[in-house]
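J.: Dumping the structure here so I can ask a few things about it.
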Amino acid sequence: MDIARYTLAKRTSVWVLIVLTLIGGYISYLKLGRFEDPEFVIRQAVIVTPYPGATAQEVSDEVTDVIEGAVQALQELKEVKSVSMQGRSEVTVEIKLEFAKSSAQLQQVWDKLRRKVADAQRQLPPGAGASIVNDDFSDVYALFYAVTGEGFSDKQLQDYVDTLRRELVLVPGVAKAATLAEQQEAIFIEISSERMAEFGLSVERVLQVLQKQSLVTVAGSVDAQQMRIPVIPKSNISSLADLTNLQVAVGSNNAVVRLGDIANISRGYTEPASMLMRYNGQRAIGFGISNVTGGNVVEMGDAVKARLAELEGQRPLGMDLHVISMQSDSVRASVANFIDNLIAAVAIVFVVLLLFMGVRSGVIIGFVLLLTVAGTLCVMLIDDIAMQRISLGALIIALGMLVDNAIVVTDGVLVRFQQDPNADKQQVVSEVVNATKWPLLGGTVVGIFAFSAIGLSPSDMGEYAGSLFWVILYSMFLSWVFAVTVTPMLCHDFLRVKAPTKEAKPSKLVTGYKAVLQWVLSHRVVSCAMLLGTLVAAVWGAQFIPPGFMPESQRPQFVVDVYLPQGSDIRRTEQVVASIEKDVAQKDGITNITSFIGGGGLRFMLTYSPEARNPSYGQLLIDIDDYTKIAPLVGELQNELDAKYPDASIKVWKFMLGRGGGKKIEAGFKGPDSHVLRQLAEQAKAIMHNDPNLIAVQDDWRQQVPVLQPVYSAQEAQRLGLTTQEISAAIAQTLNGRNVGVYREGNDLIPLIVRAPENERHHERAIENSEVFSAQAGRYVPVSQLVDSVDTVYQDALLRRINRMPTILVQADPAPGVMTADAFNNVREKIEQIELPAGYELIWYGEYKASKDANEGLALSAPYGFAAMILAVVFMFNALRQPLVIWMTAPFAVVGVTIGLIAFQTPFEFMAILGFLSLIGMMVKNAIVLVDQADAEIREGKEAYFAIIDAAVSRARPVLLGAFTTILGVAPLLVDPFFKSMAVTIMFGLLFATILTLVVIPLFYAVLFRVKVAKV
């Protein structure tokens, strides 16, 4: 089919399609979703099972093992991790990518998981609570606020937050609203044992009365005129006064006593708190808002802001609403920045085309580029690919390649017109398109397959960066379609060439290039040796390229993690965090400090993983006015805080881009015995502590904690008719209180907690002084009479397992300014030399494993891409020697890459690997054009030697121009940390590789085809 002639014959229809594509591109630009990072599915769920009173070891043996066994039956299971702690089991389940590529598929897996867990409930020990499956890890609270108010109670703050939550969840685009650091209100009934003894009452009698009063009862229903009306008695307790006047029967003579006569009733908050939050030194409550899946976070953010403005009148005077993270604003800025880069790249490419191709040719190619971008946006909307860091970066990366096809066609037409200005235009464009369409399609396919490794990678990074491949696929294929349809039509209608007044002489560059080629072809052995030496030098120099995995973010926030010794009270943690807040606030540029005590914050960005609940943990999220100040400040703060707080493990760190999180260096020891694992971990920690390049050294089992262990006298307890459970309950009631019911206040259910008075709770002999009622003796018995001793023992607070095997992770992070790979390599060999007993093994986790998994994912998919590229070239030429010539140029990509990465001191990280793979595709695409032209010249009867030289000279301009437009088009990405390594790889790799290609292809062609040197 003659595509050019058909396009010219259907000119009106083509213009209509062009206009529709441009309009569709603009509409798509407005409607496309906008995100800072690509959306990806978090395939994890946590199964939480309470087991009150059990030690971590008992929880592990009796609960965690049961849940893990049920989970293990899932064929979709990728990994199961568990942590057993006192009174609680948490099992984290991760699902394989291939079984849950979408949220809908994942939900089906979670339903299956819930059934497995439900079936396991009957195997749990008595006293264990029901297991809860939490699969909300993928929720990202794009808008994250803090509410503070000096002089306001936690209850008043919570009431305002509840008002906002009810109103904002109705805003279009909002999926849900969640709160953080709410304080649990409670009604405390402090019963004095002396008063109870005075009236001869047992605690159980009072508890029965309270429990009965807190129940909701229904008294049936009555018929009334064809209606059924329920009878619901009003509760006798509607205020604290009613609770105080509640009557409790005493003895058997119908005597009663008011609850207020034997107990002090007050309203307060449970202590210690499970989670605390602070904003600029004030206690705060946080709340976050998530957007619907696939929604436009910018539009949702604007709608929420508008609704907040309407609700401003309901905000109590003196209460403040602070922004912790506003993803809609950062996405707007990020997208705007990428759009600016895209416009800059288009402008650069356009200017280069005007300078080297002339005004008319440059305008034609620039218009086709604009059309290609518009068409790509249309397909992105259809395929539901949002505008985010990866997809917009892909467009910028593709810009230079998108003009290659149009350049070849336009240059071919231009050369023909220059050779014969009176030639039939339709015939010229038809011949040029027919001669180039299949080589261009082959080159385009090769270029697309060069990026297929990331698109087909079965890894987390493949999912994160997969849109890179799809955007490039759509855009490059459209560039070929428009190059063979729209470009010839525009050349036919608008390209004008004046007849030359005299025969044009070759330029000095062309003459010089020919001379170089003639020398190279005449000195093939020397030339091959020089090229080989260049390649060997580049490979040798690659050792000086700094390694890496993912780059750091430009987000104007950084984090301080604080770990106090395990078992620390949350109030102590808050004191330390408050002190650190003051230290940090003195630094230049600090604007706001948000602190989370007892756990991490809400997931306010997809790549942030909140820390699990732990009273000894605190985190400071610090805002700064300029992100460039973060790098020097991190090292300064790390040194100061380490010196000032020696009993704490502190890590100051910056946000990273891409998927990941957690500690950078993790050595995992696996084996059956926890004592042996701790000994191995201590050896590894000693090695890490001795390395000055490492900070925040710890293990994830943390320290063993002291436990008070009453040793009960079985004989005395039996004599008094008391059980171990009754004695333990009496002690618990004295120390912490007992939840006996609820107090209803509107929609709120406030716990009723019975406990001992403060002087009894905080007494140094509170355990021994606790009293338990003996029905057999008819009196209260002090616990001191029932225990032989109260021993202090040390137990594991946390027991962790990975895939059902006890595993302890020794963790550390590189000191500020130290590369993770360098720090890791410094300790790796020493730790691997630790002698492991039989049945134990060492596995590296952290960034090493994340990088290894990502690279293995590429290794699995890259062969398919390379195979497709090779086959495409073979099928295109229907030969073997031409593809061999082309692929022999690929290794020379290393030369420019090595020079560029060393010059910029840019790590060869994951995105650089992608850039290197795509660079090979670009080189092959250029080589195809040269080899195809040489074959065409030979088919026309030209002597092989001159055919090689003439083909190289004739294709030098489009090849160089395509390379330079790609290089300059990618240049704006040098300022983006995420794409910098890829940009350097492509720019320098393509620059040197293109220059070498113009020499290597003719040389290798002459060598493989045994072309003899002809006399000039």
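Numbers here mean position along the shown chain, with the first residue as 1.
Quick reminder: no glycine exception, Cβ is built from N, Cα and C everywhere.
Remember, TrEMBL labels are computer predictions, not curated facts.
Sharing the features that TrEMBL gives for it:
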type     : residues : note
TRANSMEM : 12-30    : transmembrane segment
TRANSMEM : 335-356  : transmembrane segment
TRANSMEM : 363-382  : transmembrane segment
TRANSMEM : 394-417  : transmembrane segment
TRANSMEM : 438-456  : transmembrane segment
TRANSMEM : 468-495  : transmembrane segment
TRANSMEM : 516-540  : transmembrane segment
TRANSMEM : 858-877  : transmembrane segment
TRANSMEM : 884-904  : transmembrane segment
TRANSMEM : 910-931  : transmembrane segment
TRANSMEM : 959-979  : transmembrane segment
TRANSMEM : 985-1008 : transmembrane segment
J.: Quick one: do the transmembrane segment (516-540) and the transmembrane segment (335-356) have at least 3 Cβ pairs under 8 Å, skipping pairs fewer than 6 apart in sequence?
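T.: With fewer than 3 qualifying Cβ pairs, these stretches do not touch.
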J.: When you check the transmembrane segment (959-979) against the transmembrane segment (363-382), do you get at least 3 Cβ pairs under 8 Å, counting only pairs 6 or more apart in sequence?
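T.: No, since the transmembrane segment (959-979) and the transmembrane segment (363-382) share fewer than 3 Cβ pairs closer than 8 Å, they do not count as touching.
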J.: Which residues, given as numbers and ranges, are at least 6 beyond the ends of the transmembrane segment (910-931) yet have a Cβ under 8 Å from it?
T.: 397, 401, 404, 408, 439, 442-444, 446-451, 453-454, 461, 465, 468, 472, 549-551, 658, 851, 854-855, 858, 862, 865, 869, 873, 876-877, 882, 885-887, 889-890, 892-893, 897, 901, 951-952, 955, 958-959, 962-963, 966, 978-979, 981-986, 989-990, 993-994, 997-998, 1001-1002, 1005
J.: Would the transmembrane segment (858-877) count as touching the transmembrane segment (438-456), i.e. at least 3 C-beta pairs under 8 angstroms with sequence separation of 6+?
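T.: These two stretches do touch.
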J.: Which stretch, 12-30, 363-382, 468-495, 858-877, 985-1008, tops the Cβ pairs under 8 Å count with the transmembrane segment (335-356)?
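T.: Stretch with the highest Cβ contact count: 363-382.
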J.: Let me spell it out: take the transmembrane segment (884-904), skip the flanking residues so only those 6+ beyond its ends count, and list any with a Cβ under 8 Å from a Cβ in it.
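T.: For the transmembrane segment (884-904), the sequence-distant neighbours (Cβ-Cβ under 8 Å, at least 6 residues beyond its ends) are 531, 534-535, 538-539, 541-542, 544-546, 870, 873, 912, 916, 919-920, 923-924, 927-928, 931, 980-981, 984-985, 987-993, 996-997, 1000-1001, 1004-1005, 1008.
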J.: Are there residues at least 6 beyond the ends of the transmembrane segment (985-1008) whose Cβ is under 8 Å from a Cβ of it, and what are they?
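T.: Sequence-remote neighbours of the transmembrane segment (985-1008) are 397, 513, 516-517, 520-521, 524, 527-528, 531, 534, 881, 884-886, 888-889, 892-893, 895-897, 899-901, 903, 912, 915-916, 918-919, 922-923, 926-927, 930-931, 934, 944-945, 948-949, 951-952, 956, 959-960, 963, 966-967, 970-971, 974.
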J.: Please give the sequence-distant neighbours of the transmembrane segment (468-495): residues at least 6 beyond its ends with Cβ less than 8 Å from one of its Cβ atoms.
T.: 3-4, 7-8, 11, 14, 18, 360-361, 363-365, 367-368, 371-373, 375-376, 379-380, 383, 385, 390-391, 393-395, 397-398, 401-406, 408-410, 413-414, 417, 425-426, 429-430, 432-433, 436-437, 440-441, 444, 447-448, 451-452, 454-456, 914, 918
